[in-house]
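K.L.:
Dumping the structure here so I can ask a few things about it.
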Amino acid sequence: MICPIFFLYIINVLFTQYFIKCEGNKVTVISHNNGHNDNLDVNKNGVISQENVFDTSESLNLPSNKKVGSDDLNTTTISFTVPDNLENEVKVVSSSESGKGATVSHTKVTSEGLSDTQPNVTQSVSSSTHTPGSLDSTMSTEQHSSVSQSSLPTESSSETLNKATVPEIPIQINSGLLKNYNGVKVTGSCGSYFRVYLVPHILIYALTKYSVIQLESLFNDNARIDVEHKGELQNKCSEGYHFKLVVYITHNVLNLKWKTYKPNEESKSEDSDVRKYRIPKLERPFTSIQVYTANSKAGVIETKNYNIRTDIPDTCDAIATDCFLNGNVNIEKCFQCTLLVQKKDKSHECFKYVSSEMKKKMNEIKVKAQDDFNPNEYKLIESIDNILSKIYKKANKPFEISKDLINLEDLDYQFKNELLEYCKLLKKVDTSGTLEEYELGNAEDIYNNLTRLLKSHSDENIVTLQGKLRNTAICIKNVDEWILNKRGLTLPSESPSESSSKSDSYLNTFNDKDKNEDKDDMSKNSKEEFKNDDKENSDDQNNNDSNKKDDENNINNGDTNYVYDFDDDDYDNNSYEKDMYESPIKENKNGVIDLEKYGNQIKLKSPYFKNSKYCNYEYCNRWRDKTSCISQIEVEEQGNCGLCWIFASKLHFETIRCMRGYGHFRSSALYVANCSKRKPIDRCEEGSNPLEFLRILDEKKFLPLESNYPYSYTSAGNSCPKLPNSWTNLWGDTKLLFNKKVHRYIGNKGFISHETSYFKNNMDLFIDMVKREVQNKGSVIIYIKTQDVIGYDFNGKGVHSMCGDRTPDHAANIIGYGNYINKKGEKRSYWLIRNSWSYYWGDEGNFRVDMLGPKNCLYNFIHTVVFFKLDLGTIHVPKKKSWKKNVYFLRHNPDFMYSLYYNNYEPETSQDFESENDYDNAFVHGQSNESDETNKEGKNVHNSVEKKIQILHILKHIKDSQIKRGLVKYDNINETKDEHTCSRVNSQDAEKYEECKKFCLTKWNECKDHYSPGYCLTDLYKGEDCNFCYV
């Protein structure tokens, strides 16, 4: 049957963003990213991925005579790729451009095998032709209908989609919903990596290259279990094999069936490996199943959401679905923003599904973010925007395209005055006092400093540059002087006999009483349950030091947990890992493993295996979790004073307090500085180390709040203050625990130091050790070399591969880690380092360095790692409930999409199928081959070695046999790590998208700290063409 021509006309009118052709039983859907006409790229690596969508009947938990995984319906959907160079792109046109000429690939829908009662499958696309906050329209297409092609362009058109034959990339992953079961079947070729998310309680990770399948129970502190812990899998992946994984739930039991086979020989292969896991009774039911896949060669990430149950009203579910299809990673924030933009009353039914905090702050949220700014802030923002618009030669074009800086001789009188006025405003709003100490430069000095910084950040967008122009160093006459007094580290001696300082001798002195006390402490600790939770800041503020010590009689009452430190000697024999898996996981007589009991067993075994979506073995950045205690720790500014050792030590101490449940209270750096026994004149000019930090606090038995004794580097020379009764003591009864000196580290009371030179032939062990410490204590202290390597203009956005030096001169902190792909196509890993040179230095005070650095370095960039060994005492930590009520919209960790792509990425230097033994080595630090970037000395290294990867994210929502699609294009995959990105801006008019995105970028710094940045941007925009809730 042929579709009427007028039917095509109606489609074109209603769906201006999509070009839909039906011919016989063929349906083609092409969607633009968020409604903008941005010349979506389709190159020779285009891939057509195939999906098996099964009937989703209502009899979901009942047994069926039908074979699990049998399919009723096959659909094939088109996928697009993003080439390495967007300049050489092939244009995909929307329906509004169909007259200009385009050809398309087809989507094939077959109806073979459908029962008489099976409803027609509807394919629809997330429409961008709606007003902000409106719901998506859906498009139904008869399976056997077609339209005349008379209105369609021919293949000879000058703007065809495929200008040449497009080779098909082998399909890696297919997935489909099971009929009559709550579950999915996933099939593909061995070597791929995918995830299955049973929303909202269980995540399944499948690294098929190594036949590794892991379960993560989100209801039980993210306890992760490997399916081989029950016993080795009989079905192993190898080159040329395919796999099938069936996941389904029956009667509160999660069933996994795993099978590998040669192509076309599935029926001849061995029996499947079967695993069963008992799921406890949970407040919220499973609502959907999501399958995450990636094709690194095609530059595509795909997310499929199979709806199995809706537990919220249709109106609210439609808003949440709209947020999902536009790529939002924090559905709840997008959901709240939409309600605000739509001006829904608090009595609306959807407000039952937002946080209580949002309800309380309803009126406050509707106030513009910038209303809290002082007049000088307004003027400074305007001045920065003016400078950025004039400093580039092509100021009339969009900012991101113009990177050619004007020459010094091009400075006119007006622009020179603008630069001088900018520095005066910066001096007024700066609280560090830097510009009070240094001489301000003239217009030429400011221009030279500014252009030097901009050249180091040539690839950054306007959001980043607006922040960089708040770095006070730009206004200093002799800018290289800015860093001179910021370095202040001297290495401690290794033993009392070699000690040249009183602090070293003091902390190396101990007696039998010390050892006995430490031994007793450790013995007691081994009998208690470890609980290293990040405690939310709102609860933390109710804690004070009076509740550090509770009645010993309450320890085993079952209602509380007590937090202790643990023995770091475990590293010497790796017992922290051996103890975890020394015996197989026990199952009941029916072969079922209880997930809740397993999670409790893990927590009792070791504190190191406290998993978190913001900090696990592959990725860690707790500052991304804005509800955590650690995220409340601010970036410090040490000023023109060499007290880096104090700031690195106090951050480490504060993260330990957070990890032990004490909450975050900012401690006074000035108190430590002024209670030093050194001469006042030497405190800023001569360096020291964390040993002195511990000595001072152990002697004084006191550490006040920052608000009690505020820091100013100009005051770092006063006498040690007298202690008013009103001051809070953060040190309390803290004890320094002794750790004996062994072959590869220095042990002092409360202090352990590892030098990387001792691990030169075993960096895997060093990396593993540091990761565990960061997981357990929140951070570690590091010694690094900064002279001739790091300056005021250092770009912290990328990853740097740098050598170290024999003698470090600066102390900082490792606060996280992760993986990346370098410009050579190698898989690498990085450390996330926090400095104390202000929020506007680096990347919001941080920077990233490659873990191993270049080849043939004499010294690693991390010279030494230090961590404290303290007994903070016992504290009362209420047990967490297994699930929070009214949490309807979960969010993944920021690294979720990146790690999905990373694990599917095949290094360009090695495409071979790796053996199972290779998995152990790759798992330690994620590196493929050694990098040889930069020079041996690591001098003047500013260029990032990280590869810029463009990504297309395809999102599919399958509900009631209907498929809705959304597309989001990212110019850099690192954008997927950000909670907010302007790439997700939605435009009502395709031609307005660039305008909407530019407005988002320009105004982002004004709205980023608002409770709802999307609502703030909408309020500032005033127009009706843009929807910012998806950012």
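In case you wondered, yes, glycine gets a Cβ from its N, Cα and C as well.
Copying in the features that Swiss-Prot gives for the protein in this structure:
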type     : residues : note
SIGNAL   : 1-24     : signal peptide
CARBOHYD : ASN74    : N-linked glycosylation site
COMPBIAS : 91-101   : compositional bias 'Low complexity'
REGION   : 91-163   : region 'Disordered'
COMPBIAS : 104-139  : compositional bias 'Polar residues'
CARBOHYD : ASN120   : N-linked glycosylation site
COMPBIAS : 140-158  : compositional bias 'Low complexity'
CARBOHYD : ASN449   : N-linked glycosylation site
REGION   : 490-567  : region 'Disordered'
COMPBIAS : 492-505  : compositional bias 'Low complexity'
COMPBIAS : 511-535  : compositional bias 'Basic and acidic residues'
CARBOHYD : ASN544   : N-linked glycosylation site
COMPBIAS : 554-564  : compositional bias 'Low complexity'
CARBOHYD : ASN573   : N-linked glycosylation site
ACT_SITE : CYS644   : active site
CARBOHYD : ASN674   : N-linked glycosylation site
ACT_SITE : HIS810   : active site
ACT_SITE : ASN835   : active site
CARBOHYD : ASN929   : N-linked glycosylation site
CARBOHYD : ASN974   : N-linked glycosylation site
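How about a rundown of where these features are and what they're close to?
P.N.:
DSSP assigns ASN449 (N-linked glycosylation site) to a helix in the three-state reduction.
Summarising the environment of CYS644 (active site), the number of other Cβ atoms within 10 Å of its Cβ, over all protein chains shown, is 27.
According to DSSP, ASN674 (N-linked glycosylation site) sits within a helical segment. Spatially close to ASN674 (N-linked glycosylation site) yet at least six residues away along the chain are ARG683, SER715, ALA716, GLY717, ASN718, SER719, CYS720, PRO721, judged by Cβ distances under 8 angstroms.
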K.L.:
How many other Cβ atoms are found within 10 Å of the Cβ atom of ASN835 (active site), counting all protein chains shown?
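P.N.:
Result for ASN835 (active site): 27 other Cβ atoms within 10 Å.
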K.L.:
For the glycosylation sites listed here (ASN449, ASN974), which one has the lowest count of neighbouring CB atoms within 10 Å of its own CB?
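P.N.:
Ranked by other Cβ atoms within 10 Å, the glycosylation sites ASN449, ASN974 bottom out at ASN974.
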K.L.:
Could you find out if DSSP has HIS810 (active site) as helix, strand or coil?
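P.N.:
Assignment for HIS810 (active site) reads strand.
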K.L.:
Quick one: pull the CA-CA distance for ASN835 (active site) versus CYS644 (active site), whole Å only.
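P.N.:
On Cα coordinates alone, these residues lie 8 Å apart.
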K.L.:
Tell me the Cβ neighbour count for HIS810 (active site), meaning other Cβ atoms within 10 Å of its Cβ, over all protein chains shown.
P.N.:
26
K.L.:
Would you mind reading off the Cα separation of ASN974 (N-linked glycosylation site) from ASN449 (N-linked glycosylation site), to the nearest angstrom?
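P.N.:
About 28 Å separate the Cα atoms of these two residues.
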K.L.:
In the three-state scheme derived from DSSP, which category covers ASN835 (active site)?
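P.N.:
Assignment for ASN835 (active site) reads coil.
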